[in-house]
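All remarks here apply to the structure that follows.
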Amino acid sequence: MNAAFAHPLRNGRTQCRLCRHFCRLKPGERGRCGVRAGQAAPPGLRTLVADGVAARHADPVEKKPLYHFLPGSLAFSFGTEGCNLDCSWCQNDAISRGPAETGRVNAVPATPAALVQSARAARCASIAFTYTEPTIFFELLVATADLARADPPLDTLLISNGYQSPDCLDALRNRITAANIDLKTFRDDSYRRWCGARLHGVLDNLKRMRAFGWWLEVTTLLVPGVNDDEGELRDMARFIRDELGPGTPWHLSAFYPCRRMRDRPPTPLSTLTKTADMGQEEGLWFVYTGNVPPPLTRPTRCPRCGIELVRRKGFRVEVRPGFDGACPQCGRVVPGVWSAS
């Protein structure tokens, strides 16, 4: 299938303007994602993941993770193979990096209509573009989102590394309801070394997503010796507070040895707890810990009076009676999307 965001160049190459790598491809050559390829015929670019998925499942929305978006609901989740980043700690590299490293793209046939039908049959409140990087299956994402938002509408969720090109992000603006974005480090040299990307592009996109009016949450995987320095994490917390708002949930996730970092130790639970406390010290109202035993999962509390509003045990959710977006004790409005529109 012909791919979007193809820009012909004078030297016979085609520039892919889908993400911020802006790959320049000869016919037959693939981009960094492994699933977009140059071709001789116009527009000079094709996608290899337009008509199938690598994984699909009805997941609790908390698994994305989205804690302030329709708690307790199901999100029909799917993704294709491929990713435009190459993170050394990727916990899903079997499908994210397969096409770039082996040249093969594995998929189970699936149409946008069939995916939406499956979501409705499973009584899901939303469709989540996830598991790998949704940007790289843009054509399938857009076709599915457009069908999902028809009457009766399903919300659409983007679980992403946030490395879209400006044009790509503009095209997604009115097709996405909520997003969780990985903010992997807060140092540009770390982004380049460990992920093959640049920090400023992710920060710019986070600010634009906030301006779009999407519900937005941020996730950081804490990798020992890479991004667990207190100074760096305080800078990250301040960026979230100042640029995205103090009511933006920040998820701190535990690392476990994988991919090119099998020699690294898991994230100590004390690091997660200390960083969560630090985030709240810096003025963030909602800081959560993930990939941890259920007793360590933090509840959602009212930012004014502190009462518990949403309790979580793993992916099981208990919402306080009377909570519908405003604290039943003090009346404070709690940022989030707490009921279907």
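Start at 1 and count along the chain as shown; that gives each residue its number.
Glycine residues also receive a Cβ, built from the backbone N, Cα and C atoms like all the rest.
Taken from TrEMBL as is:
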DOMAIN    68-287  domain 'Radical SAM core'
BINDING   C83, C87, C90  [4Fe-4S] cluster binding site
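Taking the features listed in TrEMBL, we show where each one sits on the structure.
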residue: C83; record: [4Fe-4S] cluster binding site; Cβ within 10 Å: 29
residue: C87; record: [4Fe-4S] cluster binding site; Cβ within 10 Å: 25
residue: C90; record: [4Fe-4S] cluster binding site; Cβ within 10 Å: 20
Shell of the [4Fe-4S] cluster site beyond C83, C87, C90, same chain only (C-beta within 8 angstroms of their C-beta centre): L85, D86, W89, N92, D93, S96, R97, E133, N161, C195, R259
Reported mean pLDDT - the domain 'Radical SAM core' (68-287): 97
